[in-house]
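What follows is one structure encoded as structure tokens, with my remarks underneath.
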Amino acid sequence: MLYNGCLHKCKVWRKYFVVAGGILIYLPIGVPWYFGNLATYLNSYFHARAPSESDLVDPQWVFSAFFIAFSLAITLSGYVSNKWGPRATIIAAIVIHSGATFLSYFAIQHSMLALILVFGAMGGLGAGLAYGPPLPVVIKWLPRRMGVASGALMMGFGGGAVFYNELITYVINPTNQKPDIKGERTTYFSQPSLLRNIPEVFIVLGVLTIILQTLGVLMLRLPKPDDDVDEVSMQEVTPIVHRMNGEQQQQQPQEQQQQQQQQQQKQEGPEGQTTSAKDVESGVGTNGHTPVANGTAVAEEGATKDRSETEKTPMELLKCPDFYILWIALAFNHYGYIIKNNYYKEFGQLRIDNDHFLTKTGTIATIAVSLARLLWGLATDWLGSKLTMLVFTSMTVVTTSFWYFSLFGGQWLYMAWVVIVSGTFTGAFILFPLAALKWFGEENYASNYGLILSSQIVVNLISPPIIRAILVYLGWFWIFFSIAFVNLLGKT
């Protein structure tokens, strides 16, 4: 009796261990969320090696190389995962990403170009391979709660920076030394005791990558036939899917279970799984919504799509207008994301000389990101993809319009504004993946989402010289105004 009870509890909780495994895999690959803190130290490290009058340091190229490789690797991960399985794909990612982090210890001492290629390009390749496989696996365990499951999983992508931000500053600047050299657009550290710690931080990050992702890959696996995958919930949602597919039959409560069983027997596929279950698993039939936990359907969005219409191959995706809408919207959003992650601390150093305070700002912003991702996931379930996307773009325009002025209100107002902006921008990591899943299907999700992320390749290639030109010739105000302007274009 006791053994059976424990066994049942283990099966019930197994799905949540899988979610935890996905979070552990995502923790080390959240480089963009702590790069803004690391970038200020990279600025100082390379500035100390350049002529005193030179202001050519621009580690944004490290960030851009990371994201370009990251986007390409997500597309590649779809093919690798389909052929070798998600676990083998993630193991390969661990080797590449941790190797890149360790090698960065030598790369930074060689040149900025070496760091761009190793920590940026090679690290982005490993991170991208690890990014694609976990989400479809988690959704197979929690098919009815796509928004919440995705939000919980994505907490790891940014949540790792809560610890990483503090760790980086603790290793590099434990005594809270102040930047002591005034540059044209920011300030720099020149203390030898601080500069010598910068290469060593990559060794620490490499060790953490191996530990966290190894634990994660051991916990992440596809469900087996005897696993608890919310079977009762799947039965509850069957009539909801049918109604959303245009069937308006009213069922009496006492007859509902019998009719569901009959429908499942008629629709059972070759793998023993009902068509309705498959539809819910891949988000099909929801028309941009995820069924909510209490078994009630949210409002429909547009025409109903069956599974054959929703599942898109990458070639079919290129002929779909919705793909280009998402592509352009993500490109505009990513421009602001680049500025936020690269320059929030560098801009703050103009008036705030407390390095630990600015690090805390990034840490608290990351906590807000983790919480906001859950809220964006819930908003998608409640409001639907299109309305949530409208709210998201509107908030982006408003918050970035006033970002520049927040620094002149004191350090606490600046911290609060960075937190608000970060919580807003993180919606993209929930809304765009879910839109890809629901509009284009689960079967080719990784490859399709990789094509959508190709917009980031373009933006990362062209944004460094554009942002630098705006900063040098126009100043910080126009940097933040440009974010609001391009996102307003995306909204319209």
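From the backbone N, Cα and C atoms, a Cβ is placed for every residue, glycine too.
TrEMBL: automatically predicted annotations, no manual curation.
According to TrEMBL, the protein carries these features:
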| type | residues | note |
| --- | --- | --- |
| DOMAIN | 14-492 | domain 'Major facilitator superfamily (MFS) profile' |
| TRANSMEM | 16-35 | transmembrane segment |
| TRANSMEM | 61-81 | transmembrane segment |
| TRANSMEM | 88-108 | transmembrane segment |
| TRANSMEM | 114-134 | transmembrane segment |
| TRANSMEM | 146-164 | transmembrane segment |
| TRANSMEM | 201-220 | transmembrane segment |
| REGION | 245-312 | region 'Disordered' |
| COMPBIAS | 246-273 | compositional bias 'Low complexity' |
| TRANSMEM | 357-375 | transmembrane segment |
| TRANSMEM | 387-406 | transmembrane segment |
| TRANSMEM | 412-437 | transmembrane segment |
| TRANSMEM | 473-490 | transmembrane segment |
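Comparing 16-35, 114-134, 146-164, 357-375 for CB pairs under 8 angstroms to the transmembrane segment (201-220), the maximum falls on 16-35. For the domain 'Major facilitator superfamily (MFS) profile' (14-492), the mean pLDDT of the prediction comes to 78. Sequence-distant residue pairs (6 or more apart) of the transmembrane segment (387-406) and the transmembrane segment (16-35) include fewer than 3 whose Cβ atoms are under 8 Å, leaving the two stretches without contact. Scored on C-beta pairs under 8 angstroms, the neighbour of the transmembrane segment (146-164) with the top count among 16-35, 88-108, 357-375, 412-437, 473-490 is 16-35. Stretch with the most C-beta contacts under 8 angstroms to the transmembrane segment (16-35), considering only 61-81, 114-134, 357-375, 412-437: 114-134. Residues 21-22, 25-26, 28-29, 31, 42, 59, 61-74, 76-78, 80-81, 86, 89-90, 92-101, 103-104, 106-108, 153, 157, 202, 213, 220, 445-446, 449-450 of the same chain, all 6+ positions outside the transmembrane segment (114-134), place their C-beta atoms under 8 angstroms from a C-beta of that stretch. Sequence-distant contacts of the transmembrane segment (88-108), counting only residues of its own chain at least 6 positions beyond either end whose CB sits under 8 Å from a CB of the stretch, comprise 25, 28-29, 42, 45, 77, 80-81, 114-115, 117-119, 122-123, 125-130, 132-134, 198-200, 202-203, 205-206, 209-210, 213-214, 216-217, 220.
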